[in-house]
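Mind having a look at this structure? Questions to follow.
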Amino acid sequence: MTKIAIFASGSGSNFESIMSKIKQGELPNIEVTSLYTDQVNAYCIERARKYHLDVHINELKNFDSKADYERKIIEWLTSEKVEWIVLAGYMKLIGENILRAYDKRILNIHPSLLPKYKGKDAIGQALASGDTITGSTVHYVDSGMDTGEIIEQRQCDIYPDDNKSDLEERIKAIEHELYPEVISKIIQ
Ligand code: GAR
């Protein structure tokens, strides 16, 4: 079994899609040790409860520095013998201590065809661009914002009358298949 930790800051639909594939036996060699979140009210916490999964809540504002905040995370990761970190809507840059400890063993999913539309509101950026195609990218994490080596991308259409939630829904539908597939290939 390979032990992974999933980091999320928001709704956690990607986190849940991974948990659900595991439950269905589609990722037979993956064990999720815990959900890690930096947001005390995030909906991903409710989803974790459904799967009886431990949750580590760690808010940056309760620490003197980002380094201290990440030291706490590393303590938990070490005690759970976590081998890989999977970011699923985790809205913080990973700092140098975690990067060093998990070199090439951190994955992220981002809702654009990188290198296009890095950072915040990638879906809004794609809509505003006039592009007719966008999608999602799974990549390794490095010290930049959505700059790490690309592993796999999947695309979808942007229709002229799309609003942000239409497009977000279409992208998430892709992500819920893409991310577990990449985890299966890269981590198993
Ligand atoms: C996902 O669309 C993911 O690609 C994006 O956040 C969303 C999280 O949704 N990640 C980023 O923008 C990272 N830069 P979820 O909480 O429902 O899984």
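Even glycines carry a Cβ here, placed using N, Cα and C.
Copying in the features that TrEMBL gives for the protein in this structure:
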type     : residues                      : note
ACT_SITE : H110                          : active site, proton donor
BINDING  : G12, S13, N14                 : N(1)-(5-phospho-beta-D-ribosyl)glycinamide binding site
BINDING  : K66, M91, K92, L93, I94, N108 : (6R)-10-formyltetrahydrofolate binding site
DOMAIN   : 3-183                         : domain 'Formyl transferase N-terminal'
SITE     : D146                          : site 'Raises pKa of active site His'
Please tell me which one of the recorded positions listed here (G12, N14, H110, D146) sits closest to I94 ((6R)-10-formyltetrahydrofolate binding site), measuring Cα to Cα?
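Result: the closest of the recorded positions to I94 ((6R)-10-formyltetrahydrofolate binding site) is D146.
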Do you see any of the binding-site residues G12, S13, N14 whose C-alpha is within 10 Å of L93 ((6R)-10-formyltetrahydrofolate binding site), and which ones?
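Checking Cα-Cα distances against L93 ((6R)-10-formyltetrahydrofolate binding site), none of the binding-site residues falls within 10 Å.
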What whole-number Å value do you get for the CA-CA distance of K66 ((6R)-10-formyltetrahydrofolate binding site) and G12 (N(1)-(5-phospho-beta-D-ribosyl)glycinamide binding site)?
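Here the two Cα atoms are 23 Å apart.
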Among the binding-site residues S13, N14, N108, which residue has the fewest other Cβ atoms within 10 Å of its own Cβ?
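Relative to the other binding-site residues in S13, N14, N108, S13 has the fewest Cβ atoms within 10 Å.
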Select the closest residue to D146 (site 'Raises pKa of active site His') from the following binding-site residues, measuring between CA atoms: G12, S13, M91, K92, N108.
N108
Compute the C-alpha separation of G12 (N(1)-(5-phospho-beta-D-ribosyl)glycinamide binding site) from N108 ((6R)-10-formyltetrahydrofolate binding site), stating it in Å without decimals.
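On Cα coordinates alone, these residues lie 13 Å apart.
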Using CB under 6 Å from any atom of ligand 1, narrow the binding-site residues S13, N14, K92 to the ones that qualify.
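Correct list: S13, N14.
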On a simple 10 Å Cβ count over all chains shown, which one of the recorded positions K66, H110 is most densely packed?
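The residue with the most neighbouring Cβ atoms within 10 Å is H110.
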Calculate the distance in Å between the alpha carbons (Cα) of S13 (N(1)-(5-phospho-beta-D-ribosyl)glycinamide binding site) and K92 ((6R)-10-formyltetrahydrofolate binding site), and round it to a whole number.
18
Here the recorded positions are G12, M91, I94, D146; which one has the lowest number of other Cβ atoms no more than 10 Å from its Cβ?
M91
For the domain 'Formyl transferase N-terminal' (3-183), what is the mean per-residue pLDDT, to the nearest integer?
97
Would you work out the biggest C-alpha to C-alpha distance among K66, M91, K92, L93, I94, N108, the residues that bind (6R)-10-formyltetrahydrofolate according to the record, and give it in angstrom as a whole number?
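This binding site's residues have a maximal Cα-Cα distance of 20 Å.
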Provide the number of Cβ atoms within 10 Å of the Cβ of L93 ((6R)-10-formyltetrahydrofolate binding site), excluding the reference atom itself.
12
